[in-house]
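Take a look at the structure set out below.
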Amino acid sequence: MNYERILIRYGEISTKGRNRYKFVDTLKSNIKSALNEYPEIKIESTRDRMFLLLNGAPAEDVCIKLEKIFGIQSFSPTVRTGLDIEEIKDAALSLLKKLFSEGQTFKVSARRSDKTFPYDTNEINHEVGGHLLRNIEGLKVDVKKPDINLIVEVRKEGVFLSSEVIKGNGGMPVGSSGKAMLMLSGGIDSPVAGYLTMKRGVEIEAVHFHSPPFTSERAKQKVLDLSQKLAAFSGRVKVHIVPFTDIQQAIHQQVPENYTMTSTRRMMLRLSDDIRERGNGLAIVTGESLGQVASQTLESMLAINDVTNTPILRPLISMDKLEIIDIAKQIDTHEISNLPYEDCCTIFTPSSPKTKPKKEKVQFYESFVDFEPLIAEALEKTETIIIDASSEIMEKTEISDLF
Amino acid sequence: MIYFDNSATTKPYEEVLDSFVKVSSDFYGNPSSLHGFGAKADQLLQHARKQTAEIMGVHPSEIYFTSGGTEGNNLAIKGAVIQHASRGRHIITSQIEHPSVIEACEELEKQGFSVDYLPVKSDGSIDIEDVKKAVRNDTILVSIMHVNNEVGSIQPIEEIGQWLSKNSQALFHVDYVQGCGKIPLSLQDGFIDLCTISGHKIHGLKGTGVLYINSGVKITPLFSGGKQESKMRSGTENTAGMVAFAKALRMTEEKRKTSISHLWDLRNYLYNEILQIKGTVMNTPQNGAAPHIINFSIPGIKGEVLVHALEQEDIYVSTTSACSSRQKKTSRTLTSMGIPMEQADGSIRVSLSYGNTISEAERFANELKKIAEQLSKVIRRSK
């Protein structure tokens with residue numbers, strides 16, 4: 001017997017009031033895009049749970065994808081039968097036969113929300129358990145710590161049998177708390193910052209600064225690969241690639257060396273803010289963690305933050321590097337981040353950047369160049385790529401037929 | 001032409017050749033070069049790795065591209081025992097392995113390692129009890145093939161792996177060259193540490209292959225050089241070959257899912273037809289064998305003679321395996337199965353692919369019957 005549906009239990013959404021349906025809808029569409037390679041799957045949502053009707057899609061693969069999506073408390077691959085005790089017994093037997101291996105114990109946990117069903121929970125446990133014991137040799141009951149816990153849920157719309165409850169990723173459905181721009185460098189920190197922000201339901205669009213020939217196509221590819229890892233949690237991610245070479249060169253011609261880093265960050269923030277505004281975002285997310293490098297002192301943040309009053313979210317602010325690395329490994333971005341290509345944060349790093357820059361000074365240095373037209377041009381030439389969880393980040397037309 | 005020698009090598013898919021040519025001519029950059037043209041090649045390489053990993057159900061970092069089965073087997077076996085020689089010097093393999101395994105082991109014996117070559121039962125399969133008996137405290141490697149290349153017998157790989165994982169520190173290597181694309185093998189369920197696949201047996205190109213190395217396993221590389229393939233296999237990557245490999249693997253796996261019953265139909269038809277020829281003995285067991293190999297003997301007729309007689313009808317089959325058929329040596333696999341010398345010398349291997357048709361099988365059966373009859377007459381007269 002194959003699983004025919006997956007039952008999904010909501011996380012924090014279930015505690016929400018009037019906006020609940022909006023949350024459920026967001027979750028539904030996130031699940032839909034994460035599973036877009038299985039168009040046969042139909043999603044039914046109710047007030048307090050969701051069903052994926054698999055229609056032949058492989059349950060195991062689908063489960064792996066569901067584990068990542070925010071807003072899911074837990075889920076269970078399920079077999080459905082009609083409200084008939086014989087049918088339940090048959091389905092339970094074939095399900096258990098599939099899961100059972102020599103020497104394992106089991107129990108049946110019946111739940112009955114449909115009180116019109118003629119058997120109560122004890123009777124269901126007894127009927128189904130007895131049937132299984134009679135038909136599977138070597139099967140033993142253990143009500144305290146069974147290897148297999150067969151859940152039989154009797155509801156008005158049918159009876160649902162499942163044996164495992166898989167823990168979801170928790171959090172809020174991405175998109176339910178609005179949108180923010182993530183400044184994504186290619187390093188270890190920024191993808192983690194993006195992940196943690198998404199966990200609270202914020203949709204992320206990535207902004208990356210590309211400075212050819214100082215940074216390479218590989219650095220850009222790295223950011224696209226990282227974005228795809230993030231897309232696994234929400235369904236899809238938009239990436240803005242901003243050409244930054246001219247601005248970077250202008251800074252280096254004008255601003256004294258120990259202030260170039262501060263000025264560079266200010267320009268990046270200004271650009272990100274413009275992109276945020278165009279895309280109706282509500283905040284900017286960075287991977288800054290206090291004290292890590294020169295730009296990450298409070299003095300430095302004050303000088304950089306001066307260019308905008310948009311909320312800047314810094315989910316890593318209090319974290320140690322090792323804690324960040326742990327999360328990066330867990331979300332599978334660490335390996336990509338470790339690839340050794342020059343990116344916007346490693347190139348043009350002055351030998352002794354100012355750790356306590358003054359915003360008045362940097363404003364003064366910048367005042368000699370009109371950055372506006374450079375910024376306008378960079379925005380105009382910004383390339384936007386949409387990456388979904390399953391799509392390959394390649395120029396499809398050119399090489400996809402090679403594989 | 002009827003090509004029934006697919007265990008020796010397969011015809012590359014058209015699509016695979018197209019990819020190879022396109023990558024070779026348009027993306028010939030060195031994946032290790034810094035510039036964008038090299039990056040493009042690197043991107044193709046990583047995509048090939050990812051696709052291969054996905055199909056095999058493992059992580060991309062566990063896929064190492066090699067030049068094929070022989071290199072994969074040598075790297076796995078020598079790399080593992082050199083790395084772990086301080087822990088022990090005992091190796092277990094079987095008597096029916098491919099020469100790239102047996103001879104690698106024989107070489108290691110000369111270097112002071114001791115090797116147990118397990119026998120097989122009459123159906124060509126290893127008795128797991130023999131594995132259990134052979135394992136010692138100083139066993140560092142067990143290397144067992146999945147599907148035998150000469151008779152098609154399938155070894156109880158998952159059982160062996162599960163037992164080893166509980167009872168031994170030894171690494172477990174599987175030569176999966178013949179099974180790939182025909183009989184699924186779960187690397188996880190079998191607790192397999194190292195697994196060899198070859199490209200040209202799955203309609204890819206010669207000179208391509210993959211060694212799976214479990215992420216928790218360390219082995220010593222055999223080549224010194226540019227540290228490609230995470231230092232495990234130095235040498236400029238064969239980008240086009242790897243892309244072709246990934247494509248061949250995908251297409252073959254798709255064929256397996258949709259057409260495995262077709263292969264069984266062909267096999268069962270041939271098996272029954274061949275049995276009808278007077279005096280024929282099957283060396284491939286009726287059950288427990290892969291769907292693409294049938295090994296049989298017509299006593300009194302030398303295998304080589306049959307191969308050439310069929311060749312005149314534009315039908316191509318083998319005696320034993322291609323690798324050893326040029327040596328006038330009785331098949332070690334067949335003798336290990338307890339098959340008498342004369343019968344083993346007369347053995348013929350028919351090996352199929354998804355592309356073969358039932359009408360080919362019919363023609364083959366007819367021609368074989370005719371040839372067998374003619375040859376037996378000649379032989380009877382000369383006696």
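Residue numbers in this text run from 1 along the chain shown.
Glycine too: its Cβ is placed from the backbone N, Cα and C atoms.
TrEMBL lists A:MET183, A:LEU184, A:HIS208, A:PHE209, A:ARG265, A:GLN296 as ATP-binding residues, and of the candidates A:GLY171, A:GLY175, A:GLY287 the one it assigns to that same site is A:GLY287. Comparing the binding-site residues A:HIS208, A:ARG265 by how many other C-beta atoms lie within 10 angstroms of each C-beta, the top residue is A:HIS208. Look at A:ARG265 (ATP binding site): DSSP puts it in a helix. In three-state terms derived from DSSP, A:LEU184 (ATP binding site) belongs to neither a helical nor a strand segment and is classed as coil. Across all of the domain 'THUMP' (A:60-165), the predicted model scores a mean pLDDT of 90.
In three-state terms derived from DSSP, A:HIS208 (ATP binding site) belongs to an extended strand segment. Take the CB of A:GLN296 (ATP binding site) and look out to 10 A: across all protein chains shown you find 20 other CB atoms. DSSP classifies A:GLY287 (ATP binding site) as coil under the three-state reduction. Cβ neighbours within 10 Å of A:PHE209 (ATP binding site), excluding its own Cβ and spanning all shown chains: 28. Counting neighbouring Cβ atoms within 10 Å of each of the binding-site residues (A:MET183, A:LEU184), the lowest count belongs to A:MET183.
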